[in-house]
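Record features (TrEMBL):
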ACT_SITE  His97  active site, electrophile
ACT_SITE  Glu169  active site, proton acceptor
BINDING   Asn9, Trp10, Lys11, Gly175, Ser214, Gly235, Gly236  substrate binding site
Amino acid sequence: MRRPLVMGNWKLNGNKTMVAELIKGLEAELNGVEGVDVAIAPPVMYLDLAEQLLGKAESKIILGAQNVDVNLSGAFTGDISPDMLKDFGATHIIIGHSERREYHEESDEFVAKKFAFLKENGLVPVLCIGESDAQNEAGETVAVCARQLDAVINTQGVEALNGAVIAYEPIWAIGTGKAATADDAQRIHAAIRAHIAEKSEEVAKNVVIQYGGSVKPENAEAYFAQPDIDGALVGGAALIADSFAAIAKAAAKAKN
Ligand code: 13P
C-alpha cells in the first residue's frame, strides 16, 4: 500500500512570524489526523526555526526543503549541501521543480545528479516532472514526463526510484488556478506508472506519485479519489493553515 503524502512547497514566501503562525495553525488543524504523511518545505533560511517549532510541538509533520546542491562542501558560494539539510532535520527535498528548471536552467541531467546525490546521502528526493502549455497542446505530455524520469532511470537504474517521490506538475497548472481535471491527471499518472513498470512492476507499484498545480481544498478530494494519485505537492494553498490541512485531511479520508 502506498501511503499518501501531502507536501507544502512554500517557495519564496514567509518571514519568522509567518513561519511560527503557519506551523502553529497546522499543528492545531492536523491534530489527530492519521493515514497521511504531511510535509512542509519552507525557504531554507527558516529550516532552523521550523525544526525548533516542530520539535517543541512533538510534531509528526515532516520537514523538507526546496533545493540542494550537488556538492558536500567547498568553494560553492550560495549553495546548500545534503548534510546541512540533514543538520536541520529536513528529509524530503524537492528537486527539478519547473521554476528551477526555467529560472536556473537546470537540465534533466543536472536534476538527475541531484537525485543521485540526495539518495547517496540518505535523503528523499521529491522529483518534479511535468510539461509546458505548448507541450501539452502538442500532445507531448507523457513523452516529456518519460524523458525527465529516464534521466534518473537510465543513469541510476529504476530501483533508484524506491523510496523516492515523484510529483507530476503540469507547468500550465502551477499558480494559475487552471488545474488539470482529476481524470486527465489520473491518465497521466497511470502513464507515468506504466512507464516505470516497463522496467519494474514492483517499483511502479510502490512509488508515490503526487499531483501538483493549483490544488485547493475544493478540488483535492477529486484527485485523491483517483487510484494513481497518491497525494499532492501544494504551492499557494500551503501558505494558509486551514487550506493546507483540509487538503491533507482529504487525502487521509480518500486513501484509508
Ligand atoms: P500552486 O499550488 O500554487 O499551483 O503551486 C504548485 C507547485 O508548484 C508546488 O510545487
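In case you wondered, yes, glycine gets a Cβ from its N, Cα and C as well.
No curator has checked TrEMBL annotations; they are predicted automatically.
Worth saying up front: this structure is predicted, and the values here are computed from it rather than measured.
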Neighbouring C-beta atoms (10 Å sphere around the C-beta of Asn9 (substrate binding site)): 27
Number of Cβ atoms other than its own within 10 Å, given for Gly236 (substrate binding site): 19
Most Cβ neighbours inside 10 Å, all chains, among the binding-site residues Gly175, Gly235: Gly235
Neighbourhood of ligand 1 - binding-site residues from Trp10, Lys11, Gly175, Ser214, Gly235, Gly236 with Cβ under 6 Å: Gly175, Ser214, Gly235, Gly236
Cβ neighbour count (within 10 Å, all chains shown) around Trp10 (substrate binding site): 23
Other CB atoms within 10 A, centred on Ser214 (substrate binding site): 21
Position of peak Cβ density within 10 Å, selected from the recorded positions Lys11, His97: His97
Other residues, Cβ within 8 Å of Asn9, Trp10, Lys11, Gly175, Ser214, Gly235, Gly236 Cβ centroid (substrate site): Ile174, Val234, Ala237, Ala238, Leu239
Residues Asn9, Trp10, Lys11, Gly175, Ser214, Gly235, Gly236 [recorded substrate binders]: greatest CA to CA distance in Å: 14
